[in-house]
Amino acid sequence: MSFDREEDQKLKFKTSKKLKVSSTFESMNLKDDLLRGIYSYGFEAPSSIQSRAITQIISGKDVIAQAQSGTGKTATFTIGLLQAIDLRKKDLQALILSPTRELASQIGQVVKNLGDYMNVNAFAITGGKTLKDDLKKMQKHGCQAVSGTPGRVLDMIKKQMLQTRNVQMLVLDEADELLSETLGFKQQIYDIFAKLPKNCQVVVVSATMNKDILEVTRKFMNDPVKILVKRDEISLEGIKQYVVNVDKEEWKFDTLCDIYDSLTITQCVIFCNTKKKVDWLSQRLIQSNFAVVSMHGDMKQEERDKVMNDFRTGHSRVLISTDVWARGIDVQQVSLVINYDLPEIIENYIHRIGRSGRFGRKGVAINFITKADLAKLREIEKFYSIKINPMPANFAELS
């Protein structure tokens, strides 16, 4: 796995006192079969967040872990929970909650891949598709780990399709999004907490920290270990960020076509703020003979899965999406992100541009702004302590 360790090691952390840093996976005292899975997956040595958080999760302590997008957060909690699972017991022991179906499915696959030599029984449980096949497998082989979205997981718990009495660990991935009022997951997550054993270990993972996470800390966590990236380190150093002032909204399309023609890119994601604009933009580009695919939350799950699979395997090179794709989806070859609209939620900026430059790679993020967006741009710069420069005239130099 290609990984810019030099960039990763520049990260500075604020952590709980006397926190041990493990420079190798061997020093973490992991199960042999788990180590085999880690190396087969392509990891050679732990990233900065992995070297600090995995041993804390394994120790059974509650953990709040923060790191920039693409630094191996998913593998951090996955390795921790796989180490904790008792393979002799076939009942549910670990539960992972994520804000989107795509992310929950991806995490489920990571659990299976890293746990390949352990023969762990892991399932992704999300809305939008039938559970008949998964339920048959769960009943036949047992279910030791579940990655899912809050609504579907809670529904299955209430219907007693998932038994939670032996759950040892709950992971909240992209916790700031999970707990935000806008998505409406917060009460569902609180209801899930109420169904878990009181001594259940809680791991909270997020790229940003906010008051909702602090509330969960107070209510459900016991003296958590904190592993936080210093605020000025969250600007994603490996990604060149530029702004293009288009003056008027209607000029964005022509600007996008100019960039499209000028850049040599591997893969690109274009973000819009509404589903309607995603559909409009993809139709306009297709009419202009550009090859693009699109995805948003109103599409059927089968359609979203096909779009994701085509993009992940490289069959399509340009994806237009709403923020449903901004969180944690790992496609290694994305080298360019274009914010056709600046994000309405300021924390989503880091999640969007983190789609390029995954896991320490170099990437480019281009932000289109009109006069009406200037205040929002200044807000983003202030929040992340960054300065986003105008894009140079020679587009080709970015590729």
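Using N, Cα and C of the backbone, Cβ positions are placed for all residues, glycine too.
Per Swiss-Prot, ATP binding site is recorded for Ala67, Gln68, Ser69, Gly70, Thr71, Gly72, Lys73, Thr74. The DSSP secondary structure for Lys73 (ATP binding site) is helix. Within 10 Å of the C-beta of Lys73 (ATP binding site) there are 23 other C-beta atoms, taking all protein chains into account.
Annotation source Swiss-Prot lists domain 'Helicase C-terminal' at 238-399, citing sequence analysis.
Per Swiss-Prot, motif 'Q motif' is recorded for 23-51. With DSSP states grouped into helix (H, G, I), strand (E, B) and coil, the motif 'Q motif' (23-51) comes out at 17 helix, 0 strand, 12 coil.
Sequence-distant contacts of the motif 'DEAD box' (173-176), counting only residues of its own chain at least 6 positions beyond either end whose CB sits under 8 Å from a CB of the stretch, comprise 73-74, 77, 96-99, 103, 107, 204-210, 212-213, 216, 327-328, 347, 351. Annotation comment: Swiss-Prot describes 173-176 as motif 'DEAD box'.
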Count of other CB atoms lying within 10 Å of the CB belonging to Thr71 (ATP binding site): 24
